[in-house]
Amino acid sequence: MIVAYDSRTVRTAEAPLLASGAPLMERAAFALAGIVAREVRSQVGRVPGSRVVVVVGPGNNAGDALFAGARLARAGVQVTAVLTSERTHEEGFAAFRAAGGRWMSLVASLSAPDEPAREHGVSVATAVGTVMEADVVLDGLLGLGSSGALRGVTRDLVGALVRARARSEHRSPLVVAVDVPSGIGVDDGSVPGAVLPADVTVTFGAVKAGLLLPPAARLAGRVESIDIGLSLHTADVDGQDRPAVRRLTAQDLVHQRLLAPPGADAHKYTRGVVGVVAGTEQFPGAAVLTVSGAIRTGTGMVRYLGARDVTAAVLAARPEAVPAGGRVQAWALGPGISTAPPATDDATRAQQGRIRHTLAHATGELSSDVVGDKVPAVVDAGALALLPRACPPWVVITPHAGELAQLLRARGEDVERPDVEAEPLRWAQRARELTGATVLLKGEVTLVVGPGCVYSQADGPAWLATAGAGDVLTGVLASLLAAHSSAAVKEPALPARLAAAASLIHGLAAHRANPGGPISALDVADALPGTIAQILRDHASDRRTR
Ligand SMILES: NC(=O)C1=CN([C@@H]2O[C@H](COP(=O)(O)OP(=O)(O)OC[C@H]3O[C@@H](n4cnc5c(N)ncnc54)[C@H](OP(=O)(O)O)[C@@H]3O)[C@@H](O)[C@H]2O)[C@@H](O)CC1
Ligand SMILES: [K+]
């Protein structure tokens, strides 16, 4: 599992070490210089004689970059620092100059106003020209201390660099962000203004939440986390150093038994029975995809409920499906059903009626003596408008940004799709507060918000943004919830973990369906069995040796 922390937690963990004189910045700069040297070597084949520019701001983030720059200069790299502020990290700057680093400043005076240096007050255009000739640029403008959009000359420089890189047809330097890409919301992953997109982010002590959260996550490139000696816990317990964001890996699916091969005494109810209410004559494919997603994830049995023609389509594609009600351990509700009640046709009205009835039982809203009535449910597409006012966490809603905005508006929030896209964490958390449900917000990076936990999964290729892919995900998630049905009702955070697991499996299946090329939703469903077999093969042995 990858875990990420907010800035307050990281600073709290740093404080005692700094007080005892632990050389945190030296450790950070040492590791940073090593990674930059490796990147330079892979870019230009050698380290001495290569060109690196460090762009630096006023604080300790600049200190990391300048000390790393000093190390690189001593290794024979031509290093130039571009200063953007009247003050910078003094010791770092002194070490950098002592190592032979060159520098220029965008401000007219740098702590010594009378010093006649031609490097003072250079134009943004001059700085951009220098950066664009480099092999690697280090973004050491701002780190944990950043607040809001970049301001002043820092904003001008970053804006000009973004434009120069977009214009440059041939080469532009590889960007290594120091701790975080400067200007992102370190804690919430927001992107309030211009940010220089990084190819690599070298982050110190712990991954910062904003590096995993959309939309900033896509500006971080590959994230390399450097251990500088902070001790932070990853456990699921309340406390100051609880992770702000988690990301599951394939290994977690096996180690946490989210995926497990059936035991010798397994039968369909131990493997889980999924009930699907999806599809109408207008959108029969959604029913096929949802049912396929559940069956191909290894569920014990799928019951399908819908109109006769849609049932025929489901059975033609998946003869294993059972076209009748009965005991169900998790529901998949809503794909292929119109999102705008009241429905104008009988078939949609019938499906909506089934969904209302199912949700009333599954959530425990209708008191019932029937054992196993309270069961997890995935609420997608057309079922979102039918969500009860208050839900337990074993109801998992799976909207995309537009659907989430619609659901929030129906609950009195003034929010549109672009607002959700700009601050997905904020709005997913708001939806959880307002509904009580676990929220899986689909996107390039999928967010899952459950009670006291946030997961961020970025596993699928961009090709996965295709019609029907969400229907398959609904089936995958219902299958996992059915396999853990009673635990998911008892443990409030388990549905969120299973939702993150479903997103991960779905993303990996998309890669497997056609590596590097176009995929259809049914291809993703068909790739699920092989993907799951691969995950179990790859990680079963390391589980045994733990
Ligand atoms: N402590 C240690 O030993 C270790 C620290 N480490 C490193 O230190 C980094 C944190 O350093 P930090 O706290 O000095 O903050 P940092 O982000 O460099 O500068 C903040 C200053 O920027 C300014 N500013 C803020 N927002 C702005 C904006 N939007 N636009 C423009 N300017 C803005 C604001 O200055 P002001 O504008 O108020 O003058 C503020 O004071 C951390 O990320 C890691 O890299 C690691 O090496 C581990 C060991
Ligand atoms: K930075």
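Cβ atoms here come from the backbone N, Cα and C positions, even for glycine.
The K(+) site recorded in TrEMBL includes Asp139, Ser182, and the single candidate from Asn60, Asn61 that the record places there is Asn61. Binding of (6S)-NADPHX is attributed by TrEMBL to Gly143, Leu144, Gly145, Ser146, Ser147, Gly148, Ala149, Asp179, Gly336, His400, Asp471, and the same site annotation extends, among Ala94, Ala286, Ala287, Ala521, to Ala286. Of the residues proposed, Gly436, Gly468, Gly470, Gly475, the one TrEMBL records at the same AMP site as Lys442, Gly443, Glu444, Val445, Thr446 is Gly470. Each residue contributes its Cα atom, and for His400 ((6S)-NADPHX binding site) and Glu444 (AMP binding site) those atoms are 10 Å apart. Less than 6 Å separates the Cβ from ligand 2 in the case of Asn61, Asp139, Ser182, drawn from the binding-site residues Asn61, Asp139, Ser182, Glu444, Val445 in sequence order. According to DSSP, Gly143 ((6S)-NADPHX binding site) is assigned to coil rather than to any helix or strand. Contact annotation for binding-site residues (Asn61, Gly145, Ala286, Thr446, Gly470) versus ligand 1: Asn61, Gly145, each with CB under 6 Å from a ligand atom.
By the criterion of other Cβ atoms within 10 Å of the residue's own Cβ, the least surrounded of the binding-site residues Ala149, Ala286 is Ala149. Cβ neighbours of Asp139 (K(+) binding site) (same chain, under 8 Å, six or more residues apart in sequence): Val55, Ala65, Val175, Val176, Ala177, Val178, Pro181, Ser182, Leu196, Ala198. Each residue in the domain 'YjeF C-terminal' (250-535) has a pLDDT score, and their mean in this model is 94. In the three-state DSSP assignment, the secondary structure recorded for Asn61 (K(+) binding site) is helix.
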